[in-house]
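Trainee: Residues or ranges marked as disulfide bond in Swiss-Prot: C29-C127, C31-C58, C42-C57, C52-C69, C81-C107, C91-C106, C101-C118. Annotation comment: Swiss-Prot describes 29-73 as domain 'P-type 1'. Residues or ranges marked as domain 'P-type 2' in Swiss-Prot: 79-122. Marked as signal peptide by Swiss-Prot on the basis of sequence analysis: 1-23.
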Amino acid sequence: MGPRGAPLLVVVLVLGLHALAEGEKPSPCRCSRMTPSNRKNCGFPGITSDQCFNLGCCFDSSVAGVPWCFHPLPNQASEQCVMEVSARENCGYPGISPEDCASRHCCFSNLIFEVPWCFFPQSVDDCHY
C-alpha cells in the first residue's frame with residue numbers, strides 16, 4: 001500500500017468503528033417515548049425491524065403516516081430521564097446546579113435552552129419496543 005492508500009485505510013477504519021458504535025439497539029424508553037409526529041426517518045422503505053435496530057434506530061409500525069424506523073431520543077444517565085423536552089416537569093429553579101438537582105432526586109440536562117434543566121424522572125414501566 002502506497003502513501004496515498006494510508007489515508008483511505010484510516011477513513012475506512014473510522015467509518016467501520018462508527019458503524020459498530022451506532023449499531024447498538026436503543027433502550028425501550030428512547031423509542032417508546034418519542035411522539036410519532038416528531039420521528040426523524042432512519043431507514044428506507046421496506047426496512048425490517050432487525051435492519052432498523054442494527055442501524056441503532058427504533059422501529060414501530062403501529063402508526064401510519066410517520067416513519068417506522070426512526071432515530072431514538074438522546075441517551076441519558078438514567079432511563080427514568082429519557083423523555084421529550086415537552087414532557088419535562090420542572091423540579092428546580094433557573095440556574096440550578098446538577099448537584100442541587102440530583103439532591104432533589106431529579107434529572108438534569110442543560111443542552112436545550114428555554115426548557116426545564118432540572119426535571120422530574122418518569123417511571124420506566126411504560127417503556128416498550
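Backbone N, Cα and C atoms are what each Cβ position is placed from, and that goes for glycine too.
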Trainee: If you count the other Cβ atoms within 10 Å of each Cβ, which of the disulfide-bonded residues C31, C91, C127 comes out on top?
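Mentor: Buried the deepest by this measure is C31.
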Trainee: Among the disulfide-bonded residues listed here (C52, C57, C58, C101, C107), which has the Cα closest to the Cα of C127 (disulfide bond)?
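Mentor: For C127 (disulfide bond), the closest Cα among C52, C57, C58, C101, C107 is found at C58.
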Trainee: Given the disulfide-bonded residues C58, C69, C101, which one's Cα is the least distant from that of C42 (disulfide bond)?
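Mentor: Nearest listed residue in space: C69.
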Trainee: Which residues of the chain, 6 or more past the ends of the domain 'P-type 2' (79-122), have a CB below 8 A from one of its CBs?
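Mentor: Residues packing against the domain 'P-type 2' (79-122) from afar: 27, 29-30, 33-35, 38, 73.
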Trainee: Whole-number answer please: how many Å between the C-alpha atoms of C106 (disulfide bond) and C52 (disulfide bond)?
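Mentor: Given the Cα positions, C106 (disulfide bond) is 32 Å from C52 (disulfide bond).
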Trainee: Three-state secondary structure of C52 (disulfide bond) from DSSP?
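Mentor: Note: C52 (disulfide bond) is helical by DSSP.
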Trainee: If you count Cβ atoms within 10 Å of the Cβ of C58 (disulfide bond), leaving out that atom itself, what do you get?
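Mentor: A 10 Å sphere around the Cβ of C58 (disulfide bond) contains 27 other Cβ atoms.
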Trainee: Report the nearest neighbour of C31 (disulfide bond) in space among the disulfide-bonded residues C52, C101, C107, C118, comparing Cα positions.
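Mentor: Out of the listed candidates, the nearest Cα belongs to C52.
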Trainee: Tell me the Cα distance separating C118 (disulfide bond) from C69 (disulfide bond), rounded to the nearest angstrom.
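Mentor: With the alpha carbons as reference points, the distance is 30 Å.
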